[in-house]
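Student: Following this message is one structure expressed as structure tokens.
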Amino acid sequence: MRIGVLTGGGDCPGLNAVIRAVVRTCHARYGSSVVGFQNGFRGLLENRRVQLHNDDRNDRLLAKGGTMLGTARVHPDKLRAGLPQIMQTLDDNGIDVLIPIGGEGTLTAASWLSEENVPVVGVPKTIDNDIDCTDVTFGHDTALTVATEAIDRLHSTAESHERVMLVEVMGRHAGWIALNAGLASGAHMTLIPEQPFDIEEVCRLVKGRFQRGDSHFICVVAEGAKPAPGTIMLREGGLDEFGHERFTGVAAQLAVEVEKRINKDVRVTVLGHIQRGGTPTAYDRVLATRFGVNAADAAHAGEYGQMVTLRGQDIGRVPLADAVRKLKLVPQSRYDDAAAFFG
């Protein structure tokens, strides 16, 4: 059997660990070969590929961030129009099963390819942790660790200068990074997309903390956080070429509004892409490896149109169509637990 693998969408710590596990499992357990398509689905459209080998180069991938295959986003319309070329590329390279590793967009494309009778097994990745039907995605733990360490450091400088610090983190429309980093770092408030915020409530908590004699205030702000209707208006960035919302720096805009209302120095730190880069944590390496092994097993078992998942401690599989039906967002109960520590 000949397996194809690609990484699509944004990069993420742990991608190389999945590739390594797929290659090792296919070679050692099944005697199959693996072809990597470069720069995601673009590699399928342009027939750009590389033979992957079970050797020292493959072993060294485990701790390496990013993706050795490269990654890119391809517009869904271009992908649909390119279906004949995709089928030709798979046929020319003798690919029996394709294993796409990616987030919402990549897995949606994989689900569509499955409907077009392409044998596909999906592997979920995203630092945002917003893929449904799996408890967690690899990459999230690394991003969470980076964010938490950064906020830990900001506590000391904010305390020294009696400042309000707004820390903007990634996550798009899901608040998992912000929520978990806020809890782990002892932040005094967390704003997430699932819970529109009231600027007056933010300022009330800030004032209350300083009135009690506390020396600083840390607020974690998810990049997709939005004000409640009828409160303040923030600048909107419109949509990009893929129909995704452009985020316009909510923390910086919020800082201006907070400074208007309280007599305190407000500073903003945007963590940005540092959350996506670098060496994956041990947890992400293990999870990514388990996902890769299970995806290779599913490919050889003929379980196509599936996505590998983590449920509890067990790796399983669910239909791709179920996994991409909706995003996994922060439930009210989880936010309520975090809110007990606000102020």
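Note: Cβ is positioned from N, Cα and C throughout, glycine not excepted.
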Student: Of GLY10, GLY14, GLY31, which one shares the ATP site with ARG73, VAL74, GLY103, GLU104, GLY105, THR106 in Swiss-Prot?
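Tutor: Swiss-Prot names GLY10 for this ATP site.
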Student: Within 10 Å of MET170 (substrate binding site) (Cα-Cα), which of the recorded positions ARG73, GLU104, ASP128?
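Tutor: Those close enough are ASP128.
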Student: How many neighbouring Cβ atoms, not counting its own, are there within 10 Å of the Cβ of ARG276 (substrate binding site)?
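Tutor: A count of 20.
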Student: Can you give me the Cα-Cα distance between GLY103 (ATP binding site) and ILE274 (substrate binding site) in Å, rounded to a whole number?
Tutor: 18
Student: Excluding GLY10, ARG73, VAL74, GLY103, GLU104, GLY105, THR106, which residues of the same chain place their Cβ within 8 Å of the centroid of the Cβ atoms of the recorded ATP site?
Tutor: GLY8, GLY9, GLY40, GLY102, ALA109
